[in-house]
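Student: This is the structure I have questions about; it appears just below.
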Amino acid sequence: SRRHKLYREELNLTSPAALLPLRPEASWLQFHLGITRDGLYPRSSPTVNRLLRDMQDLTTVSADYSQDEKALLGACDCSQIVKPSGVHLKLVLRFQDFGKAMFKPMRQKREEETPEDFFYFVDFQRHNAEIAAFHLDRILDFRRVPPTVGRLINVTKEILEVTKNEILQSVFFVSPASNVCFFAKCPYMCKTEYAVCGNPHLLEGSLSAFLPSLNLAPRLSIPNPWIRSYSFDGKEEWEVNPLYCNTVREIYPYSNGNRLLNIVDMAIFDFLIGNMDRHHYEMFTKFGDDGFLLHLDNARGFGRHSHDETSILAPLSQCCIIKRTTLLRLQLLAEPEYRLSDVMRESLLQDPLAPVLTEPHLLALDRRLQLILKAVRKCVDTYGEAKVVTNDTTPPEAPAPDRAKLTT
């Protein structure tokens, strides 16, 4: 009951007139309770599939701007949640079972590539990239991306008519084509020219399940050691110093434990999706320094299938370390019968907005996977497998009878 009270306070649901009681079996609550130091959910989690269905089907009861956009308007101090940008429109939708998800609307068609002259920090955010990133993360067995699903939203009934935010209400308008549109309210790039529009009311987008609140599950936001320069000129040290990893290794917590290996995992994931915008990463404080890194905000992935940005792999190529479990999974997905593009294609067919990725993006995954394995081979040739591949596959020793059973 104490946990339920905390959740109700977090959701501003202290009124006895709430539509429904908070059910302990609610999929979003079970998802929160299932988070462990190994990942956001177990490998075979029926809860995740239930949560995806609920986010797809449940009625929305309220809509509001996300916390970073509120920070730009001075409505809250959200420095502990996300660094505010306000460039891209996203909304928080709440459902009838008190769950909530981040909604990112379609801004770019699937067949469109990011223009080659775009800097990564002014690129569009793509709803289908968020969906595809969740599926890829699950295929890689990282389980560090929150469950994400596609959905067609009626912007009139499911956003405008349920929001109590007067600012959000004020940015809705009807376009000359009679489509219902809305835009973000913020200091820049938030005008009718940057609006998103339904057809006339329906708009597709991604819904990503919220993590537990910071009050219940505190998280740290930590600068990525391989952060990029967010200006039109100048480079970071790692871009000009091939021995940069030696410096990183001397700094706690990268000097011991799994943190650096987790950074390499994250770089491999980002290289596969083509995401150059990983300036920070987040961790649950509860799991300590060796906890997993959350792979949040992946909407700038899958922008250019025709280009492989190998600089994203700098943590791997400069540090020359990789987890054995990660390497074994990558090698498996390079086999013809388990080809990554085929596994992704099949997985993405489960999403309501399928096809989520175009065929060139799927084939780019196979090409990039070969580049990752080539980088690992180069490291092994230089330093030897024992120094490059970290053995994280050794299970704890079982009692003698169990060992006999396993051998049999």
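Glycine is treated like the rest: Cβ placed from N, Cα and C.
All TrEMBL annotations are machine predictions without curation.
Pulled these features from TrEMBL for this protein:
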- ASP277: active site (ACT_SITE)
- LYS104, SER208, ALA209, PHE210, LEU211, GLU282, ASP297: ATP binding site (BINDING)
- 172-389: domain 'FAM20 C-terminal' (DOMAIN)
- 389-408: region 'Disordered' (REGION)
Student: State, in Å as a whole number, the widest CA to CA span among the ATP-binding residues LYS104, SER208, ALA209, PHE210, LEU211, GLU282, ASP297 given in the record.
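Tutor: Output for ATP binders LYS104, SER208, ALA209, PHE210, LEU211, GLU282, ASP297: max Cα distance 20 Å.
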Student: Among the binding-site residues ALA209, LEU211, which residue has the fewest other Cβ atoms within 10 Å of its own Cβ?
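Tutor: Checked ALA209, LEU211; of these binding-site residues, fewest Cβ neighbours within 10 Å: LEU211.
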Student: How big is the gap, in Å, between the Cα of SER208 (ATP binding site) and that of ASP277 (active site), rounded to a whole number?
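Tutor: About 18 Å separate the Cα atoms of these two residues.
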Student: What is the average pLDDT across the domain 'FAM20 C-terminal' (172-389)?
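Tutor: Mean pLDDT, the domain 'FAM20 C-terminal' (172-389): 92.
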Student: Tell me the Cβ contacts of GLU282 (ATP binding site) under 8 Å, same chain only and six or more apart in sequence, or just say none.
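Tutor: Set apart from GLU282 (ATP binding site) by at least 6 residues yet with Cβ under 8 Å, we have ARG219, LEU220, SER221, ILE222, LEU293, LEU294, LEU296.
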Student: Using C-alpha atoms only, work out the spacing between LYS104 (ATP binding site) and the residue listed as 'active site' and round it to an integer in Å.
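Tutor: So the alpha carbons of LYS104 (ATP binding site) and the residue listed as 'active site' sit roughly 17 Å from each other.
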Student: In the structure shown, which of the recorded positions ASP277, ASP297 has the fewest Cβ neighbours within 10 Å?
Tutor: ASP277
Student: Using the alpha carbons only, what distance in Å do you get between ASP297 (ATP binding site) and ASP277 (active site) once rounded?
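Tutor: Just about 9 Å between their Cα atoms.
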Student: Please report the distance from the Cα of the residue listed as 'active site' to the Cα of PHE210 (ATP binding site), rounded to the nearest angstrom.
Tutor: 21
Student: List the residues of the same chain that sit at least 6 positions away from PHE210 (ATP binding site) in sequence and have their Cβ under 8 Å from its Cβ, in sequence order, or write 'none'.
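Tutor: Long-range Cβ contacts: TRP28, VAL92, GLY99, LYS100, ALA101, MET102, PRO146.
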